[in-house]
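Straight from TrEMBL, the features:
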- 12-30: transmembrane segment (TRANSMEM)
- 13-302: domain 'Sugar phosphate transporter' (DOMAIN)
- 42-67: transmembrane segment (TRANSMEM)
- 79-100: transmembrane segment (TRANSMEM)
- 106-126: transmembrane segment (TRANSMEM)
- 133-150: transmembrane segment (TRANSMEM)
- 156-173: transmembrane segment (TRANSMEM)
- 194-213: transmembrane segment (TRANSMEM)
- 233-252: transmembrane segment (TRANSMEM)
- 259-280: transmembrane segment (TRANSMEM)
- 286-303: transmembrane segment (TRANSMEM)
Amino acid sequence: MLSGQFEKKGFFIATLIIFWYSSNIGVLLLNKLLLSNYGFRFPIFLTMCHMTACAVLSYVSIVFLKIAPFQRIKSRSQFLRISTLSVVFCGSVVGGNISLRYLPVSFNQAVGATTPFFTALFAYLMTRKQEAWATYGCLVPVVTGVIIASGGEPSFHLYGFIMCIGATAARAFKSVLQGVLLSSEGEKLNSMNLLLYMSPIAVVVLLPAALVMEPNVIEVTATIATEHRYLGLLILINSAMAYGANLLNFLVTKHTSALTLQVLGNAKGAVAVVISILIFQNPVTFIGIAGYTMTVMGVVAYGESKRRHK
């Protein structure tokens, strides 16, 4: 009886992880497909579509499906803090989507793997939080690997690289800022409620930005849709998967340990790289692969060192 329960739980967690991988990697690949292959060159508008789906589906999931307990905003101060997080979150997602217009997914993931470096940097600058010297030492191969991978990347694009680094830094900044702004016990929100409040704010920020910076987005999208009749469906699926990735991240975190999540996250990046190379056939070099491998090994060592020195 007990072994049966363990088997069911194991099967449930394995299924969650498979769907988590599928949604995360699927969003990444669909973003690349839309922004590079379809001529749909509107990363701000695409991010707005993602945020709209997250706002609607978060509301349905929390209020009606009760996937997570509903948490109310308790003060104007808390709302302003969430708004600040939402703007930073927008910047990270838009920057990541812009970079996909110019960089292959494989290199995008290599740069994204440097998140722990920026997290450690911002944690020190903003909270004076210090790690053991051995932990900081693990960040050397993280940065060195990306430098090597950049030198060996046949499709290197400076603007795309700057956008990708900016998005990675913004993602790390948001995680540190979240710990600072929502640190009191009464103001902490789980990730699903935070997404519920951040998404509509993100839409309000992104809509005017898209209209100003991508003024012909509607007419061009309509033109492309006449040539590619599945464009609207792809954007819809892509937006739903963006929400699914957040939901599954919440569920995987809930049903596994932080260490398991960290290991799975590191492996996910490598899986995304392999799949993207197989699909998009972008050229890779031995130097690029060696650089990315060094970065991933540094990230793994950094996580292990943090765990040991807690």
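Placement of Cβ uses the backbone N, Cα and C atoms for every residue, glycine included.
On the 0 to 100 pLDDT scale, the domain 'Sugar phosphate transporter' (13-302) averages 92 in the predicted structure. Highest Cβ pair count under 8 Å relative to the transmembrane segment (79-100), across stretches 194-213, 233-252, 286-303: 194-213. Same-chain neighbours of the transmembrane segment (133-150): 107, 110-111, 113-114, 116-117, 120, 156, 161, 287-288, 290-299, 301-302, 305-306, 309, counting only residues six or more beyond its ends whose CB sits under 8 Å from a CB of the stretch. Tertiary neighbourhood of the transmembrane segment (106-126): same-chain residues 28, 96, 99-100, 135-136, 139, 142-143, 145-146, 149-150, 153, 155-156, 161, 164-165, 167-169, 171-173, 175-177, 180, 266, 269, 272-273, 276-277, 282, 284, 288, 291-292, 295-296, 299, 302-303, selected by CB-CB distance under 8 Å and a gap of 6+ residues from either end. If you look at the transmembrane segment (12-30), the same-chain residues 6 or more away from its ends with a CB under 8 A from one of its CBs are 100, 105, 108-109, 234, 237-238, 241-242, 244-245, 248-249, 251-252, 255-256, 264, 268, 271-272, 275-276, 279.
Within the chain, the transmembrane segment (233-252) has long-range Cβ neighbours (under 8 A, six or more residues past its boundaries) at 13, 16-17, 19-20, 23-24, 26-27, 30-31, 33-34, 38, 40, 46, 49-50, 52-54, 57-58, 61, 67-68, 190-192, 195, 261, 264. Looking at which of 42-67, 259-280, 286-303 has the most CB pairs under 8 Å to the transmembrane segment (194-213), the answer is the stretch 42-67.
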